[in-house]
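> My questions will all concern the structure given below.
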Amino acid sequence: MDAHELITRNAAEVVTEAEIEALADDPEGKRAYVGYEPSGVLHIGHMLTANKLIDLQEAGFEVTVLLADVHAYLNDKGSFEEIRHTAERMRDQFIAYGLDESNTQFVLGSDFQLDDDYTLDLHALELETTLARAERAMAEISSGDSVKVSQAVYPLMQALDIPYLGVDLAVGGMEQRKVHMLARDVLPSIDREPPTSLHTPLIADLGTGRGKMSSSEGVTISMEDSRGDIESKVNDAYCPPTADPEPTEDGVERENPVLQVFEYHVFPRFDSVVVERPEEYGGDLEYDGYDDLEADLESGELHPADAKGALAEYLDRLIAPGREQLAE
Ligand SMILES: N[C@@H](Cc1ccc(O)cc1)C(=O)O
């Protein structure tokens, strides 16, 4: 796979295509980051962007993981002490998941976000931004109806992190796109380059195929799950024999989350996938890429129950190192 393909595979969008192209062609010195609010344990949402960071490392990027402790605090995720503690645990889980410490830089937000220069630049961005714009940028990041002042400061800090970390590419889920657009608009006002961004798709809830998989509602997979937990969640997952299910009766769009997890979590991390089947049902199936697996599910060659069995097996392999880490 060439650099451009590695960078863009499984991305829902890049802003802009031309800027990505230029980064792909740049042989050295390119840097990317993802920021995470430390809270709870690593789950499949974090792992999706972590997979992208692993692709980017392979494509020659230097990668930074920002453990955004101040952001978590501003977004009401607990006391600063608790968040700090969670940040340390999270870092260890990312390493267990495969973000090699030798080429991943882990940075704590509070290590630079409380400096004088940062604070003054932040105030300059506050002057450039209406409350309404800041609030819109946060719509898919913070929950709750009334936005606090802290949550209006949040996206401006996220924008400012990009030049302060010295990165060329900001990576995040689709829910981060409005913050990245805001960053493109406001950073030039303080003589900083507008950043390039890449967004990963949102994966549907495992149980229903609707909405998005999240740690706060519905069914997700986390590093705390035992093999048995994974098996029962995957077993109960929504998996019609198509990649393009009909909407529900009341018109809610649905995805096939089992296929999505194969596409965005399993295939990026394994060279091939074996679906074990007894001889009388045709024996094992082996796939070198996602498309063939999807085609077999659609044609009926691969039964959803067998697909689920294999998914549980591979998810377990992805989770195991983190689970062991947590048990320490
Ligand atoms: N907004 C991100 C966290 C984050 C914070 C600061 C950043 O610079 C980047 C990302 C989230 O929703 O989890």
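Yeah, the Cβs are placed from backbone N, Cα and C, and that goes for glycine too.
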> Select one of Q57, Q176: the residue that TrEMBL places in the L-tyrosine site alongside Y33, Y154, Q158, D161.
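That L-tyrosine site, as TrEMBL gives it, pairs Y33, Y154, Q158, D161 with Q176.
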> What range among 38-46, 272-280, 290-298 does TrEMBL record as motif ''HIGH' region'?
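Matching range for motif ''HIGH' region': 38-46.
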> Distance between Q176 (L-tyrosine binding site) and S215 (ATP binding site) at the Cα atoms, whole Å?
17
> Quick one: which of the binding-site residues (Y33, Y154, Q158, D161, S215) have their CB closer than 6 Å to ligand 1?
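Q158, D161, in sequence order.
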> Let's check the environment of Y154 (L-tyrosine binding site): how many other CB atoms sit within 10 Å of its CB?
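Excluding its own Cβ, the number within 10 Å is 26.
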> Between Y33 (L-tyrosine binding site) and S215 (ATP binding site), what C-alpha distance do you get in Å?
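Spelling it out, the Cα of Y33 (L-tyrosine binding site) and the Cα of S215 (ATP binding site) are 22 Å apart.
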